[in-house]
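Chemist: I have a structure I would like to understand better, so I am pasting it below and will then ask my questions one at a time.
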Amino acid sequence: MSIKYVATSKLPTPWGVFAMHGFEDSETGKEHVALTFGDLSGDAPVLGRIHSECLTGDALFSLRCDCGFQLQTAMQRIAETGRGFILYLRQEGRGIGLLNKIRAYELQDKGANTVEANEQLGFAADMRKYDMIAPMLAHLGISRVKLMTNNPRKVNAMKDVGMDVVERVPLQVGKNRYNEAYLKTKSDKLGHMMSEEHFKAQHQD
């Protein structure tokens, strides 16, 4: 495996002080990050999340997706629980990159849904891979998880690298009038597990 650990530092956040662990993929040149909180040792399952980079949602507060809401909620839940992890993977735009994501947004502005936009650009609906999580989790000493996700591919990715996923914890947050159609497409076309009550929730302005 081409993933190597680089360094660890403290990361003060509104929810507490996390540890930030840096990893480098020598094959792709991508730099991935793991955030941890509390003591992860022992046999008890660890609350965690696989989160793919989303500059627009995570840093620019975009309402077109639910990514930023999911990241903040995951960090808050982990801090409240007292222990947990987030694997922050550099796979912008479901793996197509930032500029192609903007191109996809342009197509969505013209009426395409998130899957159709990717396909019109010549990409699969979801280009992400998760093989890098195995060495990251091994470095952190994690083997049993409670995974915060609505995406069955992430559950399967954990199981594929030998993780014991004892529970899938739904993470349905951030629905608003700008991303309602996007969330519906993720449920209908990508198999994301979201309750009907989520789609009936009151719109945020």
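Cβ coordinates are placed from backbone N, Cα and C, and glycine is handled just like the others.
Annotated GTP binding site per Swiss-Prot: Arg49, Ile50, His51, Ser52, Glu53, Gln70, Glu92, Gly93, Arg94, Thr114, Thr149, Lys154, in sequence order, evidence recorded as sequence analysis. The feature Zn(2+) binding site is assigned by Swiss-Prot to Cys54, Cys65, Cys67. Sequence annotations record features per position, and here Swiss-Prot assigns active site, proton acceptor to Asp126. Summarising the annotation, Swiss-Prot assigns active site, nucleophile to Arg128 and lists sequence analysis as the type of evidence.
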Chemist: To the nearest whole angstrom, state the Cα distance for the pair Thr149 (GTP binding site) and Cys65 (Zn(2+) binding site).
Modeler: 15
Chemist: Tell me whether His51 (GTP binding site) sits in a helix, a strand or coil according to DSSP.
Modeler: strand
Chemist: Could you check which of these recorded positions, Cys65, Cys67, Asp126, Arg128, sit within 10 Å of His51 (GTP binding site), going Cα to Cα?
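Modeler: Candidates kept after distance check: Cys67.
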Chemist: So, in DSSP terms, is Arg94 (GTP binding site) helix, strand, or coil?
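Modeler: In the DSSP reduction, Arg94 (GTP binding site) maps to helix.
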Chemist: Which value in Å gives the longest Cα to Cα span across the GTP site residues Arg49, Ile50, His51, Ser52, Glu53, Gln70, Glu92, Gly93, Arg94, Thr114, Thr149, Lys154 as recorded?
Modeler: 22
Chemist: List the binding-site residues among Glu53, Cys54, Glu92, Arg94 whose C-alpha is within 10 Å of the C-alpha of the residue listed as 'active site, nucleophile', in sequence order, or say none.
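Modeler: Matched binding-site residues: Glu92, Arg94, sequence order.
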Chemist: Can you name every residue in this chain, apart from Cys54, Cys65, Cys67, with its Cβ inside 8 Å of the center of the Cβ atoms of the recorded Zn(2+) site?
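Modeler: After dropping the recorded site residues, what remains is Thr56, Gly57, Asp58, Ser62, Arg64, Asp66, Gly68, Gln70.
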Chemist: What's the CA to CA span in angstrom from Cys65 (Zn(2+) binding site) over to Arg49 (GTP binding site)?
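Modeler: Here the two Cα atoms lie 17 Å apart.
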Chemist: Once near-sequence residues are set aside, which residues in the chain of Cys54 (Zn(2+) binding site), 6 or more away, have Cβ atoms under 8 Å from its Cβ?
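Modeler: Residues satisfying the criterion: Ser62, Cys65, Cys67, Gly68, Leu71, Glu92, Gly93.
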Chemist: Compute the C-alpha separation of the residue listed as 'active site, proton acceptor' from Arg94 (GTP binding site), stating it in Å without decimals.
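Modeler: With distance taken Cα to Cα, Arg94 (GTP binding site) is 5 Å from the residue listed as 'active site, proton acceptor'.
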